[in-house]
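Scroll down for the structure; my scribbles are underneath it.
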Amino acid sequence: MGKGNSKLKSSQIRDLAEQTYFTEKEIKQWYKGFVRDCPNGMLTEAGFQKIYKQFFPQGDPSDFASFVFKVFDENKDGAIEFHEFIRALSITSRGNLDEKLHWAFKLYDLDQDGFITRNEMLSIVDSIYKMVGSSVQLPEEENTPEKRVDRIFRMMDKNNDAQLTLEEFKEGAKADPSIVHALSLYEGLSS
């Protein structure tokens with residue numbers, strides 16, 4: 001699905017409706033827009049970055065967009081096909097908190113080893129700070145990516161092993177609403 005400008009088959013629409021929080025009608029509408037913007041049925045990383053630039057014109061979203069792109073690109077072929085796009089969009093826009101946090105964990109776990117290290121988190125947080133630019137006024141204790149990451153690790157890394165498991169990440173994010181709010185910074189595409 002996605003190679004070339006093919007129409008979605010009704011069986012594919014049905015499957016996507018079962019796999020996502022979108023109705024068949026919504027999937028058809030999203031598909032129409034996807035094919036309009038990506039006539040070959042593939043969204044490249046450069047195209048993805050361009051979309052983020054529209055949402056964050058005051059900052060530099062290119063690094064963050066690249067990180068998000070890698071999570072959307074499930075089969076790691078260097079392009080986002082419609083089914084990958086709609087599944088990720090479903091989780092980030094309509095998923096429950098656990099689903100969103102699991103998705104966010106995959107975003108932060110850059111090497112996909114099942115843990116978030118301080119450096120991985122710093123890469124993501126730094127890219128978020130670059131993306132939002134000066135549009136968001138941050139409190140003194142979080143006005144640099146390093147301070148933010150230190151605060152998150154102090155709160156989440158319960159066993160002090162300098163890495164976060166999925167469980168530590170979920171528990172910490174649920175305990176601190178500001179972290180869940182910060183996670184929503186990357187939902188510009190779906191809001």
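Any Cβ shown, glycine's included, is placed from N, Cα and C.
The following features are taken from Swiss-Prot:
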type	residues	note
LIPID	G2	N-myristoyl glycine
DOMAIN	24-59	domain 'EF-hand 1'
DOMAIN	60-95	domain 'EF-hand 2'
BINDING	D73, N75, D77, A79, E84	Ca(2+) 1 binding site
DOMAIN	96-131	domain 'EF-hand 3'
BINDING	D109, D111, D113, F115, E120	Ca(2+) 2 binding site
DOMAIN	144-179	domain 'EF-hand 4'
BINDING	D157, N159, D161, Q163, E168	Ca(2+) 3 binding site
Simplified to three states, DSSP reports D77 (Ca(2+) 1 binding site) as coil
Note on Ca(2+) 2: the CB centroid of D109, D111, D113, F115, E120 has further same-chain residues inside 8 Å, namely Y108, L110, Q112, G114, I116, T117, Q163
What's the CA to CA span in angstrom from D111 (Ca(2+) 2 binding site) over to D157 (Ca(2+) 3 binding site)? 19
Spatial neighbours of the domain 'EF-hand 4' (144-179) far in sequence, C-beta under 8 Å, 6+ residues away: 97-98, 101-102, 104-105, 108, 114-118, 121-122, 125-126, 128-129, 138
The rounded CA-CA distance in Å from D113 (Ca(2+) 2 binding site) to E168 (Ca(2+) 3 binding site) is 15
Here the binding-site residues are E84, D109, D161; which one has the lowest number of other Cβ atoms no more than 10 Å from its Cβ? D161
What is the total of other Cβ atoms whose distance to the Cβ of D113 (Ca(2+) 2 binding site) is within 10 Å? 10
Who sits close to D157 (Ca(2+) 3 binding site): which same-chain residues at least 6 apart have their Cβ under 8 Å from its Cβ? Q163, L164, E168
Rounded Cα distance in angstrom between N75 (Ca(2+) 1 binding site) and D161 (Ca(2+) 3 binding site) is 31
Counting only residues outside D157, N159, D161, Q163, E168 in the same chain, those with C-beta within 8 angstroms of the Ca(2+) 3 site's C-beta centroid are F115, M156, K158, N160, A162, L164, T165
